[in-house]
Every structure is written in C-alpha cells, then in structure tokens.
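Since the structure comes first, as structure tokens, the remarks are kept for the end.
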Amino acid sequence: MCMVIFAPLFAIFAFATCGGYSGGLRLSVDCVNKTESNLSIDIAFAYPFRLHQVTFEVPTCEGKERQKVALIGDSSSSAEFFVTVAVFAFLYSLAATVVYIFFQNKYRENNRGPLIDFIVTVVFSFLWLVGSSAWAKGLSDVKVATDPKEVLLLMSACKQPSNKCMAVHSPVMSSLNTSVVFGFLNFILWAGNIWFVFKETGWHSSGQRYLSDPMEKRSSSYNQGGYNQDSYGSSGGYSQQAGLGPSSDEFGQQPSGPASFTNQI
C-alpha cells in the first residue's frame with residue numbers, strides 16, 4: 001500500500017524539481033573608465049544543464065570591445081538519465097496501481113504477474129540508485145561551474161586589479177538539492193518493496209514448501225518411532241503376563257506338598 005501511495009508522488013517530485021529548474025546569477029564589472037562598466041550581467045541556465053552552450057558578453061574594460069564568455073561543463077547526461085528514470089517509474093507505478101486495485105484476481109491468477117512485478121521492481125531500484133548517484137555528481141559539477149567566483153575568473157577584465165568584479169546574485173539550488181533527496185528516497189522505497197513483491201511470487205512459496213518438507217518428514221518419523229515403541233511395550237507386557245501365569249500356578253500347587261506329607265503320616 002505504501003508503494004501505491006508514495007511511489008507516484010516521489011517520482012513526480014524527483015523529475016519536477018530537476019526537469020523544471022531554471023536559474024541564474026548576476027555579476028558586475030566596474031571598470032576604471034565608468035562608461036565601459038556593466039554592473040548587471042545576467043547569466044541564465046536551465047535543465048538539461050548544457051552549460052558549455054550558455055554564453056554571455058562582458059566588458060573588457062579596454063574601450064567598447066566586448067568579450068564573449070561561456071560557462072564550463074555539461075551535466076546533461078546525468079540530468080536527463082535521472083529525469084527519464086523518474087518519468088518511467090511514475091508511469092509504471094500508475095499502471096501497477098491500476099492492476100493492484102482493479103485486476104487483483106488476474107494478477108494472482110498465475111505466477112507471471114508477480115514475477116514481472118518483482119523483476120521490474122529490482123530493475124527500477126538499481127536505476128534509481130545509479131541515476132541518483134550520477135545526478136548528485138552532476139549537480140556538484142553544476143554548482144562549481146555556476147559559482148560566481150569561478151565565473152569571474154573567466155573574464156579578462158577581472159584579471160586586472162584596477163577593475164572591480166563582484167557577484168550581485170548567486171543561483172538558488174534548493175530545488176535541485178530536493179531532487180537529489182527524492183531520488184534516493186525513491187531508491188529506498190523501491191528497494192524496500194522488493195521483499196513484499198517477492199512474497200507474491202512462486203519462488204517464495206516454493207521455498208516455504210522446501211522448508212516444510214523436512215519438518216513433515218521429521219514429524220512422520222517421530223510418529224512411526226512412537227508407534228513401534230508402543231507396540232513393543234504392549235508385546236512386552238503381554239509376554240510378562242504370560243510368564244506370570246505359570247509361576248502363579250506353581251505357587252498355587254505348593255500347598256499340595258504338605259497335604260500329601262500329612263496323608264503319608
């Protein structure tokens with residue numbers, strides 16, 4: 001039930017916070033010649049974070065000449081892989097929810113449905129782990145590449161001590177941090193659901209039968225041993241009673257000895 005409720009929601013939060021991100025930073029370059037300065041340089045970037053394609057123009061503080069600068073890095077592969085896993089996990093969890101609610105009898109009719117569900121759950125658990133780890137590394141690279149201090153080092157005007165370069169506004173990465181958190185939460189959710197899906201498969205029931213067979217054999221052998229012991233005890237008791245018969249007869253004949261002796265006297 002937890003899988004049905006939380007899996008679609010966690011997947012939505014994962015790909016929405018990553019795939020829908022757009023941010024930016026603002027820099028200022030104050031040249032010695034104030035007419036050449038630019039105190040509001042806006043740099044915008046967004047998903048899928050192909051930062052090497054993000055370009056902007058900055059003053060060189062050497063006349064009217066402008067310098068075209070591009071950010072460094074490309075985290076599109078890890079970001080797109082993460083979002084793709086989240087979207088497909090969302091679609092599968094919705095389909096599984098429909099099957100669990102409306103087609104429960106057909107789902108349990110044969111072992112094919114639980115086996116497919118088990119395999120897909122294992123695969124998505126692995127994909128969530130790989131995708132979340134890769135995106136966490138990609139997000140770390142994005143943070144470094146969009147750090148205002150690192151971007152200022154790319155400008156030739158900022159390498160001259162006479163010019164003043166500073167960051168006006170830094171990018172906000174809170175939603176991207178949230179996407180990484182939900183990525184690992186999805187991994188925990190799907191990995192924890194493996195056991196519950198495995199219990200629905202025939203592998204789990206066959207394992208229980210395999211464990212129950214030795215117990216049945218032990219109990220049957222114990223019952224057979226008890227039966228033989230009882231039969232042995234009953235036969236032994238009968239033989240003992242049979243052995244007591246003659247001894248009692250002999251004991252009963254002992255008075256005849258003195259009687260005959262009296263008669264002789």
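Cβ atoms here come from the backbone N, Cα and C positions, even for glycine.
If you look up TrEMBL, you'll see 1-202 marked as domain 'MARVEL'. Across the domain 'MARVEL' (1-202), mean pLDDT in this model comes to 90.
According to TrEMBL, the feature signal peptide maps to 1-18.
Per TrEMBL, the feature transmembrane segment maps to 81-103 (among others). Long-range neighbours of the transmembrane segment (81-103) within the same chain, counting only residues 6 or more positions beyond its ends whose Cβ lies under 8 Å from a Cβ of the stretch, are 3-4, 7-8, 11-12, 14-15, 18-19, 47-48, 113, 117, 120, 124, 127-128, 130-132, 134-135, 138, 179, 183, 186, 190.
Among the features that TrEMBL reports, transmembrane segment is placed at 115-136 (among others).
Annotation comment: TrEMBL describes 180-198 (among others) as transmembrane segment.
Annotation source TrEMBL lists region 'Disordered' at 218-265.
Per TrEMBL, the feature compositional bias 'Polar residues' maps to 250-265.
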